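Structure first, commentary second.
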Amino acid sequence: MIRRWLTSRLYDAFLVCAFFVSAPRIFYKVFFHGKYIDSWKIRFGVQKPFVKGEGPLVWFHGASVGEVSLLAPLLNRWREEFPEWRFVVTTCSEAGVHTARRLYESLGATVFVLPLDLSCIIKSVVRKLAPDIVIFSEGDCWLHFLTESKRLGAKAFLINGKLSEHSCKRFSFLKRLGRNYFAPLDLLILQDELYKQRFMQIGISSDKIHVTGNMKTFIESSLATNRRDFWRAKLQISSQDRLIVLGSMHPKDVEVWAEVVSHFHNSSTKILWVPRHLEKLKEHAKLLEKAGILFGLWSQGASFRQYNSLIMDAMGVLKDIYSAADIAFVGGTFDPSVGGHNLLEPLQKEVPLMFGPYIYSQSVLAEKLREKEAGLSVNKETLLDVVTDLLQNEKNRQAYIEKGKSFLKQEENSFQQTWEILKSQITCMKI
């Protein structure tokens, strides 16, 4: 009991220190980019969320857009088979909240940003909502949120779980201090055997662990619409043009690609730059200007009729807009401090996939893609040659598309396995 109390106080102190260290960056985003203004009352516990109706409640949580998006087939199936349940969906980012509202409010879900995990804030929210089940997407588990839910009698599950090598070392250190961070979880449904070994290394019993594959490979028919013609028309791309979509781009990705794009000046190759963070838009623009690349902004009505390069300065469209591409690159993979983003979205839109050398956030998936030749791993030296070959050789592009489709087909049963495991837990509960 004393150790648990001490751990909670130390954790609170760590969060407070982290807040003050991050405060300058946070306030910069508030005053110069208008971020967090709509969500601060919920984040700091000034305003408490309210869930309508009666009946059992399941609380889903994911860090941001990707983690909450993969919940879509799960919520749809849950609503079909257990309509008496109420849904709550939380996320840590404003972009994630916008995505969750678009996807889940029509299903009757209550969506809001997750309050800060300080014990004086999150515990009162958990007590008010009193969830019967809490489901964490991929690994964004928060200590007080998890432990307070368990104290009130909730079941807690991790789905599509993963644990990086860096995180494994960090949680192994906590284990040596006598704290198993993930111990309160009832079940861990993981993407891969490697992640299973890492969770076992930090003290999780194998009896709690199921390996089902990556849920992101599952495409619900209602979500699999390929809007290639729609987006190519909106972007004003002719049938002779070839489009490269550079998704989730960070400044270091832009630096590498700017050198390559300069070789396609005045050609039929069009480049769509999609920043990961809109607050870095000016930095992206300066890098393109420095490289002598003329570009337009989507928000200002620019199109490929006027420019060979466009910056897509709008949130929430990347996954859909991949469908317009002839080649796609996933950003964050030329930046060792980032380590990549969702590699599956281009494949789901039947587009050849490229990614850089830094992909440790999804290293297992990246290795699978390389083994199946469903994705191209490139570096600064090979990038221009690979892009040129794909642009000039339609057969090669089609071969990568087919290999991507085959890869997704082999992995698509992961959702069904995950659902069957969760369903068995739901039906056993006495609500």
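Heads up, the Cβ atoms here are built off N, Cα and C, so glycines get one too.
Given the structure is predicted, the values throughout are model-derived calculations rather than measurements.
Here Swiss-Prot flags 5-27 as transmembrane segment, drawing on sequence analysis.
The feature active site, proton acceptor is assigned by Swiss-Prot to GLU67, with similarity to another entry given as support. According to DSSP, GLU67 (active site, proton acceptor) is assigned to a helical segment. On its own chain, GLU67 (active site, proton acceptor) has THR91, GLY96, SER137, GLU138, ASP140 as residues at least 6 apart in sequence with a Cβ closer than 8 Å to its own Cβ.
According to DSSP, GLU138 (site 'Transition state stabilizer') sits in a coil region rather than a helix or strand. Per Swiss-Prot, site 'Transition state stabilizer' is recorded for GLU138 (among others).
Taking a C-beta cut-off of under 8 Å and a sequence gap of six or more, LYS216 (site 'Transition state stabilizer') has these contacts in its own chain: GLY66, LEU70, ASN160, ASN342, LEU344. Per Swiss-Prot, the feature site 'Transition state stabilizer' maps to LYS216 (among others).
The CMP binding site annotation in Swiss-Prot covers PRO275, ARG276, MET315, GLY316, VAL317, ASN342, LEU343, LEU344, GLU345 and is backed by similarity to another entry. Less than 8 angstroms from the CB of VAL317 (CMP binding site) sit VAL274, each of them six or more residues away in the same chain.
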Task: Tally every other Cβ atom lying within 10 Å of the Cβ atom of GLU345 (CMP binding site).
output: 24
- request: Count the other Cβ atoms sitting within 10 Å of the Cβ of GLU138 (site 'Transition state stabilizer'), across every protein chain shown.
  value: 22
Statement: With the fewest other Cβ atoms within 10 Å, the residue among the binding-site residues PRO275, MET315, LEU343 is MET315
